[in-house]
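**Student:** Copied straight from TrEMBL:
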{"type": "COMPBIAS", "residues": "1-10", "note": "compositional bias 'Basic and acidic residues'"}
{"type": "DOMAIN", "residues": "46-455", "note": "domain 'Amino acid transporter transmembrane'"}
{"type": "REGION", "residues": "1-26", "note": "region 'Disordered'"}
{"type": "TRANSMEM", "residues": "75-99", "note": "transmembrane segment"}
{"type": "TRANSMEM", "residues": "142-161", "note": "transmembrane segment"}
{"type": "TRANSMEM", "residues": "194-211", "note": "transmembrane segment"}
{"type": "TRANSMEM", "residues": "223-240", "note": "transmembrane segment"}
{"type": "TRANSMEM", "residues": "260-278", "note": "transmembrane segment"}
{"type": "TRANSMEM", "residues": "290-310", "note": "transmembrane segment"}
{"type": "TRANSMEM", "residues": "330-349", "note": "transmembrane segment"}
{"type": "TRANSMEM", "residues": "370-393", "note": "transmembrane segment"}
{"type": "TRANSMEM", "residues": "399-419", "note": "transmembrane segment"}
{"type": "TRANSMEM", "residues": "431-453", "note": "transmembrane segment"}
Amino acid sequence: MSTRRLRSEDYNDYSSTDVTPEGSPPAGINGFARPESYQRFGESNGTTWYQTLIHLLKGNIGTGLLGLPLALKNAGILLGPLSLLVMGVVAVHCMSILVKCAHHFCYRFQKQFLDYGGAVMYGLESTPSAWLRTHAIWGRRVVGLFLILTQLGFCCVYFVFLADNLRQVVSSANSTTFDCQSNRTVTLTPTMDSRLYMLSLLPFVVLLSFIQNLKILSIFSMLANLAMLISLVVIYQYIVRDIPDPKALPLAAAWKTYPLFFGTAIFAFEGIGVVLPLENKMKNPRQFPLILYVGMTIVTILYISLGVLGYLRFGAAIQASITLNLPNCWLYQAVKLLFSFGIFFTYAVQFYVPAEIIIPPLVARVSERWGWLVNLLLRVVLVSITCVLAILIPRLDLVISLVGSVSSSALALIFPPLLEIATFYTEGMHPLLIVKDVLISLFGFVGFVVGTYEALVELATPAAVINGTSTAGQ
């Protein structure tokens, strides 16, 4: 399928109350199209419900999951799981808001599909404020910017994760045995700096980024999901054994560390950027709401269970990724490699979104003869940028928290409720619904400000070791 199908059309600055982009007036009462005259986007060669579910799980299950035990340490053994459940419910609700608003404008303007930015732009055009209607195009641009920051931020985290786990496997290879029961001290072999591991991975990630078809990526996603599923099963069977007495763990941690929990938790719910693209690519998009709720229910249960059990098992010694706490035997070293394999292919799924925002407009400026070359060169540049940023800040836990606070909170919590107000306010909204949306956005904004501040403060702290992990020279 052409990548053009996923991109928004070249929107013109037209009034949403006059004519549709195709030039015909919207049918039906109050500008709504009659359902029988509208066909939701779908193609015979689109993705199936199973492929879409795979992509949805792949877009949400990544390094954020493995960082949740440390996140619970920053929140407390009681406050952490409760907060994670609330954030999960709110995040999924915001995803459904985004889909609902996109559907509303698709029906209203007889469009086949809308992306996140297009929905926000139309939402601003529907507000009673003349200034917002005039500057509606900036809504699309701001969302595009945050999508780029978020998805590329995920990609930076993946580089750090891969380097940390590969470095640990290599450095302890000479001491690794088949005995997973012994608690002997491991003698680490000197190895490359983690930043050199990132550079070593760069050519392979660049080649992976050249894959531009979601149906092809679904094959790799399935393999990645299988590898990560096997890894998670092994991790679960280890952490549920010999759980120490949890009485020493605080029910609620200090409020100063709670913003770091917020950033990591909202980072974990990292899939809102792929929600509309996945629906747009479906063979039968009417199945998507069910896929969304089923998939995100699985994800939320997984998040809470691994976070709680991981924190209970390792307590204050928990590291930025729970894989770094696993014993030094070949079984658990293989787990690290398997999960790294899954994260490697997850990079391609997360990279898909910013690539579709940045590259097509630039490729359109050159002749068709050189378009393919410019496309590949831009992909090389973008992947290299994520690698360089990861090298500059090779601290997995704080990079996760910073990316989550800065960009994930805006896309997942702040924008969707405001979009719902903009979309339906002129058609009449219940005051309680408006209050609900405002509270969700305020919650996201406070988390954005405080979480970003605390993450930057921690990054500026020249401590030698934080959370059991070296802060420099890893």
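Yeah, the Cβs are placed from backbone N, Cα and C, and that goes for glycine too.
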**Student:** Against the transmembrane segment (75-99), which of these stretches has the most C-beta pairs under 8 Å: 142-161, 223-240, 431-453?
**Tutor:** 431-453
**Student:** Please report, as numbers and ranges, the same-chain residues at least 6 past the borders of the transmembrane segment (399-419) whose CB is under 8 Å from any CB of it.
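**Tutor:** Distant contacts of the transmembrane segment (399-419): 63-64, 67, 90-91, 94-95, 97-98, 101, 116, 119-120, 123, 143, 146-147, 149-150, 153-154, 156-157, 160, 259-260, 262-270, 272-273, 320, 390, 393, 436-438, 440-441, 443-445, 447-448, 450-452, 454-456, 458-459.
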**Student:** As a test: from 194-211, 290-310, 370-393, pick the stretch that has the greatest number of Cβ pairs under 8 Å with the transmembrane segment (223-240).
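**Tutor:** The stretch with the most contacts is 290-310.
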**Student:** Out of 142-161, 194-211, 260-278, 330-349, 370-393, which stretch touches the transmembrane segment (431-453) the most, going by CB pairs under 8 Å?
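**Tutor:** Against the transmembrane segment (431-453), the leading stretch is 260-278.
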**Student:** Mark yes when the transmembrane segment (290-310) and the transmembrane segment (194-211) have three or more Cβ pairs under 8 Å (sequence separation 6 or more) and no when they do not.
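**Tutor:** No, the transmembrane segment (194-211) and the transmembrane segment (290-310) are not in contact.
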